[in-house]
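Remarks on the structure that follows.
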Amino acid sequence: METMVLGDTVTSSVSGFSTHLFSLVTDSGQHQFVISTENDVTSDVTITTTTEKPYEEFTEVKAAILIDRIYIPLVVAVGVLGNVLCFVTLVFSSLRATSTCVYMAAIAVLDCVILVLDFCVLIRGYMGHTQFYMQNDWTCGFHNFLFYFAIHFDVLLLIAMTIDRFIVVRFPLKAPSICTPSSAVKAIILVGLFTFGLNFQIFFTRRLGATGSPEDPLKCWYPDPDVDFFMTKIYTWIDASIYSFIPCLSLLVLNVLIIRQLRVSMKFSRQFTERSGKSSALKGVPSLRVEVEGDTVNSGVYTSHTDVSCSEVSMGSCDTMEDNLDSPSPRPISAISGKKSNGSSSHSRTSSTKKAITNTNITVMLLMVSFTFLLLTSPVVIVLLYKRYYWLPDTNAERARARLTHAFVDNLMYTNHAVNFVLYCVSGRRFREELKRLLSGACCRR
C-alpha cells in the first residue's frame, strides 16, 4: 500500500526550464521524483528510490528494549530494598549520632527517589508521554524537575560527606565541634536549597508539545525555542558539571589528601610507639600493660594511641564512618599488671601492623567510592554532550545505534544509585551488627 506524505516541492525556473521535486513514502521505502519541464512541457523524469528498514526492526533497538525491560526492574528492586535497609539501620540505631551517617541516610533517600523515577521512565515508554503525564503540563514539569533535583542533590551531598570526612582526618582536634549531626543537617538543608533554586525553572519551562504522531500526539519537552536552546546548549554543561565533572574531581582530590594524611599519621604513630618502647627499656622501668579482653597493650602507648587515633585510623573516635562502622565498641579494662619493655615493643609492632591493615582497607574503600562513581556516571555525561553537538542521527540506523548506546550508559548511571548501599554501608562491621540486630528484633516481634 502506498501512502503519500507531505514532502518538499522545489521549483526552479531558469530561461523557461523548471524542475519539480516530489516525495512519496511507501512501505518499501522513500521515493523521489524529479520532473524537468521546458515551457510547461515535460522534458525529463528522474525517479530515485531510497529503501530504509523501519526503526523498530533494527537489532540495536530490540536489544535496547530488552535490556531496559530486564535490567531496570532488577536494579530498581535491588537498589530500593538496599537503600531502605540502609536508611532504617542508620536512623533507628546508635549510628544516627554521627554526621557521616546523617549524610548517608539522606543519600539513601535520594537514591530511592532516583530509582523510582527511572522506573517511571520505563513505564512512560509503554504508555507514551500523552497518557503517562495525563495530558497535564504540570505533571510533565514536576516529573522532570524532581529528577534533576534528586540527582544533583545526591552528588552534592556526596561531596559534602567527603569534605566532612577530610576535616575529621586533617583537623582531628577541631572535628568534634565541627563535624556534628546538627552541622550535617544544616549542610543538607543548604545544599537542598541550592539544588532547588538551580532546577526550579524546569517546573515551569518543561511542557507538553505536539508531535504530529497519532500514536503519541504530545511530548514532554521545551516548546519555547529560546528555552530549548538554553536547556540543550547551556544547561547541559551545567548539568554535566554538577553531576559528573565537579564531583569526580572533588572526590579524587579529597580522597588523595585523606590517604596522604593517613599515611603521615601512621608514620608518626609508629615512630612515637618505637620511641616510647626504647625510652622504657633505657630507663629500666617496667611499663604498665592494659589487658583488654585478652589483648595486651602498653599503657604509655595506649595513651599516645588515644591521642593520635583520630588522624591515624581515618577518623578514629572523631565521629566518622570508620569509627562507627568498622571499629569495635570501647572495651572495659580487665586487669593492670607489669610487663617488660621488650614485650611492649613487640606488641607495639603488632599494633602498628594491625593499624596498617586498617589503613589499607580504608584506602581501598575511598578509592573504590571515587572510581566507582567516576566509572558509572561519566559515560552518560560524555554521550549526552557528544550527542548535543557532534552526534546528530538523521537515519534510522544511526538512531538505532544511539538508542542502544543510551540503554547502556543510562543504566550504568542508575546502577551507581543502587550500589551505594554496598559501597558505604555493607563494608562496616558496626553497620552489619546494627542491621542484624534490627532484623532479629523485627523477626522476634512477629
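Just so you know, glycine gets a Cβ as well, placed from its N, Cα and C.
Fair warning: this is a prediction, and the values are worked out from it, not measured in the lab.
Positions annotated as transmembrane segment by TrEMBL: 70-95, 102-125, 145-163, 184-204, 234-259, 364-386, 406-427. Under the heading domain 'G-protein coupled receptors family 1 profile', TrEMBL lists 82-424. Among the features that TrEMBL reports, region 'Disordered' is placed at 321-354. Taken from TrEMBL, the feature compositional bias 'Low complexity' covers 333-354.
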Are there 3 or more C-beta pairs under 8 Å linking the transmembrane segment (406-427) with the transmembrane segment (102-125), counting only pairs at least 6 apart in sequence?
yes
So if I exclude everything within five residues of the ends of the transmembrane segment (70-95), which remaining residues of that chain have a CB under 8 angstroms from its CBs? That is, six or more out.
101-102, 104-105, 108-109, 111-112, 115-116, 118-119, 122, 324-325, 411, 414-415, 417-422, 424-425, 430-431, 434-435, 437-438
Over the domain 'G-protein coupled receptors family 1 profile' (82-424), what does the predicted model average in pLDDT?
76
